[in-house]
Amino acid sequence: MGEPPSPPAKVYYDGCPGCAMDSKKESRKGVPYKELLFVAITTFASALPITSLFPFLYFMIRDLHVAQRDEDIGFYAGFLGASYMIGRGIASVFWGIIADRIGRKPVIAFSVFSVIVFNTLFGLSVKYWMAIATRFLLGALNGFLAPVKAYSIEVCRPEQQALGISIVSTAWGMGVIIGPAIGGYLAQPVKQYPHLFHEKSVFGRFPYLLPCLFISFFATLVFISCAWLPETLHKHKDLDRTVEMVEGSTVQESTEPPKKSLLKNWPLMSSIITYCVFSLHDTAYVEIFSLWTVSNRKYGGLSFSSKDVGQVLTVAGASLLVYQLFAYRWVDKTFGPIQSTRISSVSC
């Protein structure tokens, strides 16, 4: 009997950034700390604007004078809070397609740049329509999540890919924790820190600019670091059919089976639907909780300040991070991902 055929050697194309990254992974056995650090800070910077809004959302709607009565503030706050996710939901698939065509790096860099521009403009909003428009554009142009998840996998060897995805989740959790703290402690600085900020300063005219500027400054540093980010997308075209030489000098053509539509992949779609339901629950809880706690006691609220709301949301986010880092691994190992998801659904 002849020896089994050896697996075909990998072919790396000159000038292809994806091939260059694959070659680098083959020669490097360790964890790609530099690339994963970039993944972490990018995810962190992009997550901050999402939750930093909620501690001061009620007060911002009140100061924009769009609500005729205090009881109507929640109605307008709902539209403002949802505008980011509406924009993101509309454009996310588009950004995923663009990242598969032109590369991960330009999409990630553009997403971070959009945070710098539109998050700052949101802090400068003096009209309700301006706040809605800037938050919507911030969500629509911030298409980083799909590319950065793909990037975290593509820079890692197969045995390290779980670590890459966990880096994204952990950095996102940290953004969820720190975001409310930034919004709560830095909003309305003239009122909270009168010895540092004068009423006639720019922060007196724009009381919600400081937390937005803080996040935009951090995003600027991340944007600059994109210059050293290696691309991972393969930019050569593979043949549609593979021709293999076998014994006897015969040629056998192998064709790939036709690709099925993702919409017909029920396990995938059920996972997406479950994720949507959980996301709806989480976002609704955070926004409703923020509006309830800052509402006047005569309306059934707690009369919290923006700082108080930021502290509470930060503690809640910290508990989520602790669970994800230390408890979830045991839960997943004990019950499995499907059963643990069912338990979480019932507990919610």
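Here the Cβ of each residue, glycine as well, is placed from N, Cα and C on the backbone.
Now, the feature entries from TrEMBL:
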type: DOMAIN; residues: 35-348; note: domain 'Major facilitator superfamily (MFS) profile'
type: TRANSMEM; residues: 36-61; note: transmembrane segment
type: TRANSMEM; residues: 73-95; note: transmembrane segment
type: TRANSMEM; residues: 107-126; note: transmembrane segment
type: TRANSMEM; residues: 132-151; note: transmembrane segment
type: TRANSMEM; residues: 163-186; note: transmembrane segment
type: TRANSMEM; residues: 206-229; note: transmembrane segment
type: TRANSMEM; residues: 268-292; note: transmembrane segment
type: TRANSMEM; residues: 312-331; note: transmembrane segment
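The stretch in closest packing with the transmembrane segment (163-186), judged by the count of Cβ pairs under 8 Å and taken from 36-61, 107-126, 206-229, is 36-61. This prediction places the mean pLDDT of the domain 'Major facilitator superfamily (MFS) profile' (35-348) at 83.
Taking residue pairs at least 6 apart in sequence, the transmembrane segment (206-229) and the transmembrane segment (107-126) share three or more C-beta contacts under 8 angstroms.
Packing against the transmembrane segment (132-151) from elsewhere in the chain are residues 35, 39, 42-43, 46, 49, 53, 79-80, 83-92, 94-96, 98-99, 104, 107-108, 110-112, 114-115, 118-119, 121-122, 125, 165, 168, 232: each is 6 or more residues past its ends and has a CB under 8 Å from a CB in it.
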